[in-house]
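S.K.: Got a structure here, written out as C-alpha cells. Questions coming.
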Amino acid sequence: MKTKLNIYNMQFLLFVFLVWDPARLVLANIQEDEAKNNITIFTRILDRLLDGYDNRLRPGLGDSITEVFTNIYVTSFGPVSDTDMEYTIDVFFRQKWKDERLKFKGPMNILRLNNLMASKIWTPDTFFHNGKKSVAHNMTMPNKLLRIQDDGTLLYTMRLTVQAECPMHLEDFPMDAHSCPLKFGSYAYTTSEVTYIWTYNASDSVQVAPDGSRLNQYDLLGQSIGKETIKSSTGEYTVMTAHFHLKRKIGYFVIQTYLPCIMTVILSQVSFWLNRESVPARTVFGVTTVLTMTTLSISARNSLPKVAYATAMDWFIAVCYAFVFSALIEFATVNYFTKRGWAWDGKSVVNDKKKEKASVMIQNNAYAVAVANYAPNLSKDPVLSTISKSATTPEPNKKPENKPAEAKKTFNSVSKIDRMSRIVFPVLFGTFNLVYWATYLNREPVLGVSP
C-alpha cells in the first residue's frame, strides 16, 4: 500500500515539473516580449513626438499665451555677505507648461526623460534678474528632469546655484532685518507671449528644506512671493519675485564690540577715584582708553560695506568715545585747577622756622659777647651793675608769643569736580544704555521688501 502511494506521489511531482517548467518559460518569454514591446512603443512615441517638431517656436504661437507655472525648493540658503550685499542659494527650480504638439497615446500616461530630451523641445528662456552668477550642476550628468504627460503637459526641473544681490539698509545694524529677493522671468518673451504663474500659494511655491539654512549671523524668518510687470524699450515683461526674510543675530557683535566698549568706558571712569595729584596714572587711563575706543571703532567697520550713513553700532561707539574723551578732558580740568600743595604747604613752613631760629641764635650770641666784654666794668660800677640786672631779668607778666600755625597739607585732597563726576558719568552712561537697548531691541524688524 505504501509503495503504491509513493509511486503516485512520484508520478504527480513528475507531472507538475513537466507541466510547470514549460509554462514558466512561456511566461518569461511573454514578459520579455512585453518589455521589448514597451521599449519599442516608447521609442515610437518619442520619434512621433519629435517628427516635425520645431523647438524654436513656443507653444501656442499666434494663438494663445504660454503660461509657465513655477515653484522653488531651496536645498541650501547661505552664506550672506554684508560687504558685497549678496547671498548664495541652491535650489531645485521647477517649471511646468503645456505644449499641444507633445500629446501622445500609449500604454503609459507619463514619459520620464532626462536632459537629452530637454534639448530637443522648446523650454522657457528663464533667467534671474538680480543674479550675479548662476551655475547649473552637471555632475555626474546634467541635473535636469523632464516629464511629459499624455495631454502635453511638461514638468522641467533643474538644480541651480544662484548668487544674487540682496540690497541692505544698515541703519539699525546689528539689530537689522533684511528681505533678500530672487527675481526671475523670461529674457525674450513679453507678457503678450509668455507669462509666469506661481504654482501654489506663498508657503508651497517657495519651500526651504528643514536643514537648508547655512547662516551663522542670521535667522531665516520665512519667505514670501510676488509678481510684477516691468517695462523696457523692448516691451513689458513678467517678473516673479521670491523674498527671503532675514533677522541678524546680535550675539557675535555683543561679544566683539558692545562689551569691550562698555568695559572701556567703565575703565575710563576709574580715574575719578584716583588722587588728582596722580598725574601719570590718570594720564595713562585717559590715553589708553581713548586709543582702545579708536581701535574698536575701526575694527567694527571692517565687516561692513562703506556706507555713507551711521549705523546703530556707530552711534553706540560714538557715544562711548565721547564718554571716554570727556573723562580725559575732566582730568585735564581738574589738573588745571589743582594747587601744588608740596610747593608751599610744607617746605615754606620749615624754611620760615629755620630762619627764625637762626636769627634768635645770632641775637643771643651777640648779647653774650657784649656781656662778656663789659662784665669787669659792671662789677666795678654799682650803677651799671644795677642797670644790667634790671635788663637781664625777664618780665614775669609777658605772655609767650603764639607760634604760627602750620599750613594744612592738601596732598590727598579730592576735587569737587571728581566728586561730581563719580556720580554724573555712571548715571548718564547707564541712562544711555537703557534708552539705546530699549529702543532697538523692542523695535519690530522692518523688512525692506523691494517691488
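Cβ atoms are placed via backbone N, Cα and C, with glycine included.
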S.K.: Of the residues Asn138, Asn201, give the one that Swiss-Prot describes as N-linked glycosylation site.
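M.R.: Per Swiss-Prot, N-linked glycosylation site applies to Asn138.
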S.K.: Going by Swiss-Prot, point out which residue in Asn38, Asn377 is annotated as N-linked glycosylation site.
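M.R.: Checking Swiss-Prot against Asn38, Asn377, the N-linked glycosylation site entry points to Asn38.
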S.K.: Does the record from Swiss-Prot show Ile230 and Thr311 on the same side of the membrane?
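M.R.: Yes, Swiss-Prot places Ile230 and Thr311 on the same side of the membrane.
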S.K.: For the feature transmembrane segment as recorded in Swiss-Prot, pick the matching range from 141-160, 281-300.
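M.R.: That would be 281-300, the stretch labelled transmembrane segment in Swiss-Prot.
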S.K.: Of the listed stretches (250-270, 281-300, 421-441), which one yields the highest count of Cβ-Cβ distances below 8 Å with the transmembrane segment (312-332)?
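M.R.: Most Cβ pairs under 8 Å with the transmembrane segment (312-332) come from 281-300.
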S.K.: Cβ under 8 Å to the transmembrane segment (281-300), counting only same-chain residues 6 or more beyond its ends: which ones?
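M.R.: Those are 253, 256-257, 260-261, 264-265, 267-268, 270-271, 274, 313-314, 317-318, 320-321, 324-325, 327-328, 331, 335, in sequence order.
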S.K.: Please work out the mean pLDDT for the residues of the topological domain 'Extracellular' (442-451).
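M.R.: That stretch averages a pLDDT of 65.
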S.K.: Can you name the far-off residues of the same chain, 6+ from the ends of the topological domain 'Extracellular' (301-311), with a Cβ under 8 Å from a Cβ of it?
M.R.: 82-85, 168, 170-174, 318
S.K.: Do you know the DSSP helix, strand and coil residue counts for the topological domain 'Cytoplasmic' (271-280)?
M.R.: 5 helix, 0 strand, 5 coil
S.K.: So for Arg94 (4-aminobutanoate binding site), how many other CB atoms are inside 10 Å of its CB?
M.R.: 17
